[in-house]
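Below is one structure; the comments refer to it alone.
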């Protein structure tokens, strides 16, 4: 049986390379929206925090999880909304 | 059910990747952001279906409170303040990862899990305080200059050693929480120490790097709680931040370690000697020159953001175009306080993105430009970077405005810029200085046209 760590590391390596390929193609004019969009994606921590916040045990881990859900939600909601607000302003010259 | 959740994560990862791909062009970028947010929704719904969850109360409270704060901030923030906001959000992401790492600690955790917990606490913690300091510097709630003191390197080395020592002790004896708290505290201190020696003009690098860290922290948290989607999404963000950091460093011709460890210009003496004299120009005379121009290039810098001049700049652009001139913008990669800052400000003022040229595209055209208007930019148009080996910014690629027939420099006064570097551009024969607030000067030009 191959340990799960190997698979996780495998995924890590592939995603880093994929990330480099994808981001290299983003033009300079979109770097600010790219950054705030990436910021929203880094709020993915919310997924890890959700299961910790829902154990029903009134212990420290539960409170830490709930705090993490709140912080990561700021990132997710704020990040996507502000990115959309910015991208809506980018217009091509008409005609 | 568990398999279903894992498959949902695969779909979510696919949506993130496709969304980022769509960000490759301004025409599809908005859709890309929508796709990416759909990916996030899928992941969150899947996480909520986890059978280990017995109590939804705190999850809902967390999402509602966090979501409301995020939505409010996203709505209210001004485009000029985007760098601060991104810095602050980075910090929250880091803190969330720290908390997740901490909460993942359980008595039966193996050594590998302990190491990943420490990593997510370390990266998350330094991202949090580092971002707060960056936020303070960008919003000027604290001084934006570099803070340097003697023995700084020694203090930082001791902190790093302390973190390493604490981490090792914790992994050997996880039941003793003292070491955990030592690592948490030192990580928070380290974030502050890492960002205070970096000056305001280097913020584009720092903010990109912190962006990368917030991704890596999520990635480490993913290892700690054994979750694929955190690893995939975290490393995509990590990679994106690293690439932006590289681009910023290259645009300043400095290595990352030079930006991180030495206050700007602190080591090297500026030996630039300037010849010639300053030639001021009145708004009226500037108007006559502009009226005759058929090719105009505008080079904006952070000063345009400070003066909130982007809307009057757009107005002037329209008047020049009605007058038969071709107008382009030259955007230096490190103009402003974060990558792409100028582009967003000009997009806000309805300047079409195909009018914004990157440095390498505008430089070959500069010889044909009748008037280059420099608005609130300084170092990024400094010819000393090209000509004078004694200048602290020698070798940095710049926009060669001095190749244009006439250069207007809009500037408040002759006080030297952030880094205090002499700029021979101001003394060149073809340069005219238009002193005053950029917004008022341009407003004056607009009145002359109409």
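Going from the start of the chain as shown, residues are counted 1 onward.
Glycine residues also receive a Cβ, built from the backbone N, Cα and C atoms like all the rest.
No curator has checked TrEMBL annotations; they are predicted automatically.
Taken from TrEMBL as is:
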DOMAIN    B:6-446  domain 'NADP transhydrogenase beta-like'
TRANSMEM  B:6-24  transmembrane segment
TRANSMEM  B:31-49  transmembrane segment
TRANSMEM  B:55-74  transmembrane segment
TRANSMEM  B:86-105  transmembrane segment
TRANSMEM  B:111-135  transmembrane segment
TRANSMEM  B:147-170  transmembrane segment
TRANSMEM  B:176-198  transmembrane segment
TRANSMEM  B:205-223  transmembrane segment
TRANSMEM  B:229-249  transmembrane segment
Should anything in the same chain at least six residues away from the transmembrane segment (B:229-249) have a Cβ under 8 Å from its Cβ atoms, list it; otherwise answer none. 9, 12-13, 16-17, 20, 43, 204-205, 208-223, 255-256, 259, 333-334, 339
Stretch among B:6-24, B:31-49, B:205-223 sharing the most Cβ pairs under 8 Å with the transmembrane segment (B:111-135): B:205-223
Within-chain partners of the transmembrane segment (B:55-74) [C-beta distance under 8 Å, separation at least 6 from its ends]: 48, 85, 88
